[in-house]
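Features reported for this protein in TrEMBL:
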type     : residues  : note
DOMAIN   : B:84-298  : domain 'ABC transmembrane type-1'
TRANSMEM : B:25-44   : transmembrane segment
TRANSMEM : B:83-109  : transmembrane segment
TRANSMEM : B:121-141 : transmembrane segment
TRANSMEM : B:170-194 : transmembrane segment
TRANSMEM : B:215-240 : transmembrane segment
TRANSMEM : B:279-299 : transmembrane segment
Amino acid sequence: MSKKVWALICAGALVTGAAGCSSSDSGDSGDKVTLSYGIWDKNQKPAMEKIAQEFGRTHPGITVKVELTPGSKDYWTKLQTSAAGGSAPDVFWMNGPRVGLWASQGALLPLSDRIAKDGFDTSKFPASLNELYTLEGKQYGVPKDYDTVGLFYNKDLFDKAGVKYPDASWTWEDVRDAAKKLTDPEKGVYGIAAPAWSQEVYYNTIYQAGGHVISPDGRKSGFDDPATVEGLRFWVDIINKDKSSPTIQQLEDTDPIQMFQNGKVAMFSDGSYDAIAYNQTEGLNVDVAPLPSGPKGKGVIIHGLANVVYAKSEHPDEAWEFVKFLGGEQANRIQAETGTVIPAYDGLQDTWVKSMPKLRLQSFIDQVPDAVPYPRSMNTAVWSTKETELIAQAFAGTKDLDATAKELAAFMNDALAKE
Amino acid sequence: MERAAVEGAAARPATRTRLRDREWFWGYLMIAPLTLGLGVFYLWPVLQSVYYSFTEWTLFGDSSWVGLDNYATLLRDPEVGKALWNTFLVAAFGLLVIPVSIAVAALLNTRGLRLVSFYRTLYFLPVVTMPAAVALIWRWLYNGEYGLINYLLSLVGVTGRSWISDPSTALYAVMVVFVWTYLGYFTVIFMAGLQGIPGHLYEAAAIDGAGRFRQFFRITLPLLTPTVFFSGVLMVMYGLQMFDLLYLMFGKNSPAWADNKTIVLLFYNKAFEEGAKGYGAAIAVVLMAITLAITAVQFRLQRRWVHYA
């Protein structure tokens, strides 16, 4: 009766068996290893691919595939899910807000032993960046770059409005005055763009106002501090009182980066990592100045990425080789010369500054002494997701700023208590 | 078939069982692929979700039993109530697709209409277009400054707004797109429904002196009720599961997020962005219970208004 069925099953087994054989054959034929390298910034993809190519040239047995997930929010969601399923990339970008959670839950390969064994020189990186990626005495990441925030401005729009270019001496008032003068509703031109972005926009003014986002020990929210609220009010007033920025609604409809590139916005507070995009924008006469001082002086967020190895990588040795290469002089030089990011490697910052003669990139480096590390706690994502939602409403003017800040502080303290 | 088998069996009892066995075997073999697929990709995940809703997860896959904790949190979470309300709104609004697609189907069914298959394809296109593409195109259409919708409004002297970034209009703007994407699907279903109504009923009604309106309300509509019911059940389910359009159409930092999340979006937020997979599973289980309850009510009520010819 069932002869035919068995025949079918056997045939199936033969086919799959054959397939199995052939695939294992090709696996044995060489020692080729392919590593995946997870990144989130499309501006940096060309440089990362160039580095991967250089690495392949010096390490013939290893191929590196750069995997881009555009937008850091989607990147983390995807990475977290793939890590839970045991299939994250072998090497990937890590940031300060996330490293605590990832390292403490055993998703990252500790690198300290390998660093010591190979005599890898971490003193080439700023000590603060090494520390950022060290937990309980173990280093998990090799610093890749660092970034600060600057005030990009469109020189043509400034010239047309007859306004003096921003410089290091500018205060909040100077920015607001200039923004008002530069705004031309007829032409749809705004003085400045104030999206509800944390790192590039309101975190900086919070510290310039003498406030804080989170206590230094990472246990208490700073959003109930009146100074913090002042740092936020600066932007809320620019949008809703001065009307010299597009509304949050407009900025969500059309990306502020695009508005700035298209000459619809005269000033934009943005990270050093976006300099390359503005530099490459045709017809954009752009320069960059340090951020203004607030009521309590200067303040800028500094942050730096690191390259890490996935704990469950099938090729930890090859992955470490690649991370070492990424942390070496050659790879950092590529990052600097292409203008991609400020390299973490000592002595190459100047190379980056000179990579785009059009822009006064020194503005980013000059601010380092006033810099504040990126606010974080063990599980930053829980409260930062809520923060984005609430601050966006306050900036949109649909919710009262003081009440919003209080609500956020309460939520955040609650979340921090559970960490 | 069955009858023949039984008669044959009466004559020779020994073969009967073997034949039965054989039918059994082949029957199960035939449905095996589907059953396996459903089991592996639907049933098993459902059971797992229920199990996970009683656990708490670390970010990378370790879980521990917490009993009813997640459900207790859920009851106290104001976001859940808000998201449920939005979800019901979407589901209710989505039902608008039924009258609209009946109207379109009736128009396409007009005798003597040319290019019917062309129109049908046109209406059906959104159904087979990727949601991501649909969302992107509509994002442009709705753009506050450069969007086509506001341009058209400006021609008649109306100043539009940032439809999908404004918290007060965002959800409605997305619901319109939601209805639009399903319009073609239900139009095709209703066209089939209309064509299934026997022509002699209309002839008889015409002889009795019934006008077109009377014919529509006394013949067409009652005989379409099974299709309306089927569409209603489906559309409510699609509405309750609304995720992709919202996720793709709202900007990443949009002020619209806080008040316009649906329950599946909240689930995504919790389970994947914040990494609280146990809590996310609890939300999913609640959604499943609600969907089951609503569908059960729909089936109960149908006895009162659905006419099977």
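From the backbone N, Cα and C atoms, a Cβ is placed for every residue, glycine too.
Keep in mind that TrEMBL annotations are predicted by a computer and have not been checked by a curator.
Note that the structure is a prediction, hence the values are computed from the model and not measured.
Proximity of distant same-chain residues to the transmembrane segment (B:83-109), defined by a Cβ-Cβ separation under 8 Å and at least 6 residues beyond the stretch ends, is recorded for 116, 119-120, 123, 171-172, 175, 178-179, 182-183, 186-191, 193-195, 216, 220, 224, 228, 231-232, 235-236, 238-240, 242, 259-266, 287, 290, 294. The highest tally of CB pairs under 8 A with the transmembrane segment (B:215-240), across B:25-44, B:121-141, B:170-194, is held by B:170-194. Using a Cβ-Cβ cut-off under 8 Å and counting only residues 6 or more beyond its ends in the same chain, the transmembrane segment (B:121-141) has close neighbours at 104, 108, 147-149, 164, 177, 180-185, 187-188, 244-245, 248-249.
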